[in-house]
Amino acid sequence: MQYLVSVIDHRTNSATEAEMADINAYNDVLKAEGHWVFAGGLASPDSATVIDGRGADAVFTDGPFLESKEFLAGFWVIEAPDLDVALELAAEGSKACNRRVEVRPFL
Amino acid sequence: MNAADIREAIARVHREEWARIVASLTKRFGDLDIAEEAAAEAFATAVERWPGDGVPPAPGAWLTTTANRKAVDRIRRERKRGGKQEEAQAMYGDTPEPHGAIEDERLRLIFTCCHPALATETRVALTLRMVGGLTVPEIARAFLVQESAMGQRITRAKAKIKAARIPYRVPSATDLPARVSGVLAVLFLVFNEGYLATGPDADPVRRDLTAEAIRLARLIRDLMPADGEAAGLLALMLLTEARRTARVSASGELVPLGEQDRGAWDAALIAEGHRLVRERLASGAAPGRYQILAAVNAVHTSALDMRDTDWSQILALYDLLVRLDPSPIVALNRAVAVAEVDGPEAALAIVDRLPLDGYHAYHATRADLLRRLGRSALSRAAYDRAIELAGNTAETAYLTRRRGQPGLPAPRPMSSAPPRGHIGKDDLEEPGPRRDREPNPLKGRP
């Protein structure tokens, strides 16, 4: 069972060096214990482009599809047998990156 | 057996077996929704068949078998439609039980329904449905929400449990204390809503809810006999419920403890509550909040006369509680005991510092203290504010009468309302007597 752990933030490129070190240590634990699937940090929402390819010609629009004060700054995809394990891992991830996170199951 | 006997038999089996049937079906099929529906169908079949066929010799086993068959039928139907039931079944699998876990299936069910990933009101609704066996319309009525909204809340919760894979098991030893206190909090909410129902049209006491909360608290207590707070919560509920009939007058007004007809109290419930409090004291373990509140209520229910109430002991218990929970609401209740031990002036000095302006019991307590100090105008203003904020019809009636009474120091300590979230505070604030009362369990054995 895979879960998306989204990192909620209101600033971009805001991780400090200490936070980056904690995140790397956390990633190592995820890998060592077989929970690691994928992870990544995202550039600012300002850098996003929205594409609508449903018509004959694709339409490109500048900016994120949703303007909000808080946004997705990065994510982990983790492997966990159930939500209790996922929540425990997410709590450690939240501590490591020093941000709130959201856990959502994949279908 | 006549029709009434059959109905009674079905109601009894429903009370005794519902949770067990839902729990065992959830274990087998890995799906709360299937378990709930199949259990409900099995009971519907019993209602249809038992009047003609008679009650089977082992009604619980009959219902379990019938429910299992209903579940299998549904799964077959869904499989034909290309459903994903097999996957759901494999999904839960057989998770190994943590060491020393309690075996009863119902406990898994309770922990799943009270999982912290669900919203509090959802935990309450789901517990009442899956463990308590209340119907969706009953739960909707109890919480004054639309039936369709309550149905949706429960459906969404079941979907989340399935999609997010909330595990169906007793939590691990490290998580257990926090998770148990989450379960107790749900039962406490159910009881409180019954004890002090809100809404202008609501009955002041919802007996259905207090009874259900007590039944579930008994179940938790049976399933986890070593848990002190489970015993404490049950004792607290019993000692509060014991005074239920004396607590609201025929005209629908709240009767504070000092004015209650103690002959109307339920001696059996008080005896049971005191037994539990004694058991916890004998354990020598440090008490949690429910055990302390139960002890406070034990002191009240053991006073032979209101004037015999051991207020210094109650104050000592609140001192203990303040250390566990330094919230202003606990401080407010402690102040009521301070008024009895050190006088209303000392209590008012404490109360005036508390940041509880939006809370009706704060104003009711202040109003009473001011009245006892002879400060009538201020007291009336405080009653006005309390009446404005109170949500319970019996309480509003009581406060309104109180406001109209002369502003002289009351002959006996008087205040009013039980703060929500703290059972039986009216009783804590209202000392009271009774002959042939159980002796105070905090003072040696009877």
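Using the three backbone atoms N, Cα and C, a Cβ is placed for every residue, glycine included.
The feature compositional bias 'Basic and acidic residues' is assigned by TrEMBL to B:423-440.
Residues or ranges marked as domain 'RNA polymerase sigma-70 region 2' by TrEMBL: B:21-80. The DSSP breakdown of the domain 'RNA polymerase sigma-70 region 2' (B:21-80) into helical (H, G, I), extended (E, B) and coil residues amounts to 53 helix, 0 strand, 7 coil.
Residues or ranges marked as domain 'RNA polymerase sigma factor 70 region 4 type 2' in TrEMBL: B:110-161. When the domain 'RNA polymerase sigma factor 70 region 4 type 2' (B:110-161) is classified with DSSP, helix, strand and coil residues number 38 helix, 0 strand, 14 coil.
Annotated domain 'DUF6596' per TrEMBL: B:179-279, in sequence order. In terms of DSSP helix, strand and coil, the domain 'DUF6596' (B:179-279) has 71 helix, 2 strand, 28 coil.
Residues annotated as region 'Disordered' in TrEMBL: B:78-97 (among others).
According to TrEMBL, the feature region 'Disordered' maps to B:399-446 (among others).
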Averaged pLDDT, computed only over the residues in the domain 'RNA polymerase sigma-70 region 2' (B:21-80): 94
